[in-house]
Amino acid sequence: MPAIKKRKIAREAPQQEDHSDSEAHSSASEDAAPNTTEQEQEPSEAPKQAPKSFKELGLIEQLCEACDSMGYKAPTAIQAEAIPLALQGRDLIGLAETGSGKTAAFALPILQALMDKPSSFFGLVLAPTRELAYQISQAFEGLGSTISVRSTVLVGGMDMVSQSIALGKKPHIIVATPGRLLDHLENTKGFSLRNLKYLVMDEADRLLDMDFGPILDKILKVLPRERRTYLFSATMSSKVESLQRASLQNPLRVAVSSSKFQTVSTLQQSYIFIPHKHKDLYLVYLLNEFVGQSCIIFCRTVHETQRLSFFLRLLGFGAIPLHGQLSQSARLGALGKFRSRSRDILVATDVAARGLDIPSVDVVLNFDLPGDSKTFIHRIGRTARAGKSGVAISFATQYDVEAWLRIEGALGKKLPEYPAEKDEVMVLAERVSEAQRSAILEMKNYDEKKGSRGKKFAKGKRSREDMDQEEG
């Protein structure tokens, strides 16, 4: 393990309660961790001037220099709020979206503490996807470059043996997806986190949405209770509240309000509030309403994207899928057919929301709401481009109320509900039900061709190996 250069002036360690005789409670327990009263960070009477430098936040010179070398000119809002509190030794709940600078908000305090008391397996960051895990690890290594910090990434899809060798080198920071971390805790000889000092759960709402809850419970049970914990999430759902109660001690909450996103005046936006079980039914109704127009249907997962493509084809719609698990040639083929209008419906994950050369379309349907407001804006930005008009309709079910309110908050306005005719919708029920059954068979055939990896999609569940795949 490389030597960490200790800081010249040691900061006095904060007083902490002794919890060494008890394990962390399960996040499934509603009455877990009784001493977890959440404290809101109260705004001051007069507005404070935003810190202009990282030094003003209490960071040492080496880390300030690292921020400068990384191109961080001034602290973002979440960094300005979270870093001083973290340096005081408090557990934190950070409500902030992707792109807010939250990675540095938790990485910098951990690195500063690491310089005081260098040790292996000092910090653990849990992330929902492989791509995010690598991004976080790169941030730690970049910010810790002047103090020789080493991190390792544990994610699915990679060789367990090479990861075990990396763990044997005793890195300071581990960035992992929950499934693969638990695999190593259970199977890698000599690997333990009993001396862990810092735990971060990044994008906690997505961790729970992706069914990592039971795995998180198992991980929390083997971590030392005497640690600092940071939980970052875009939303504060009931599941996240439960996870907070199980894992944090007297946390402070810091929230950064989203800026109001602007949309063009030629875009007609609305939402449709329906029971989750009727999503397919209302999708067919809307496609009939906009027949002949080009449409992108956005889904949250690869499985749902592929299933909807089969389902719509069975009903006679010219639908084609686009997602990250297609080969490059298949993705280019799908885009080519959509551009040429030989297929007028593109069913896609968020790979189609940004970065791809997709022409403007007539209609965007958010079949699944995205995890953050910025992605929502990118999605609906696929229509009403270059002065043209466009329509964007978002599906909201009983499970999406908080997410939808957050999106409306980011937009800065309430959107109208789309006036669906329920009687006309229900007329389609028999045909839709038949197509759903046939689509299940189509998915089974598709999975058999894909092999054992695909069979996991057929059941709608993923093993630990696949749970952390980027949804796009």
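A Cβ is built for glycine as well, from the same backbone N, Cα and C atoms used for every other residue.
From the options 52-80, 255-283, 313-341, 400-428, the stretch Swiss-Prot describes as motif 'Q motif' is 52-80. A 10 Å cutoff on Cβ-Cβ distances gives A96 (ATP binding site) a total of 24 other Cβ atoms nearby, all chains included.
Broken down with DSSP, the motif 'DEAD box' (202-205) shows 2 helix, 0 strand, 2 coil.
Packing around T103 (ATP binding site) is summarised by its Cβ count: 23 other Cβ atoms lie within 10 angstroms of its Cβ, all protein chains included. Shown in sequence order, T76, A77, I78, V256 are the residues of the chain, 6+ apart in sequence, with a C-beta less than 8 angstroms from the C-beta of S100 (ATP binding site). Distant neighbours of the motif 'Q motif' (52-80): 5, 7, 9, 87, 94, 96, 100-102, 104-105, 108, 111-112, 115, 139, 142-147, 254, 256; these residues of the same chain sit at least 6 beyond its ends, with a Cβ under 8 Å from one of its Cβ atoms.
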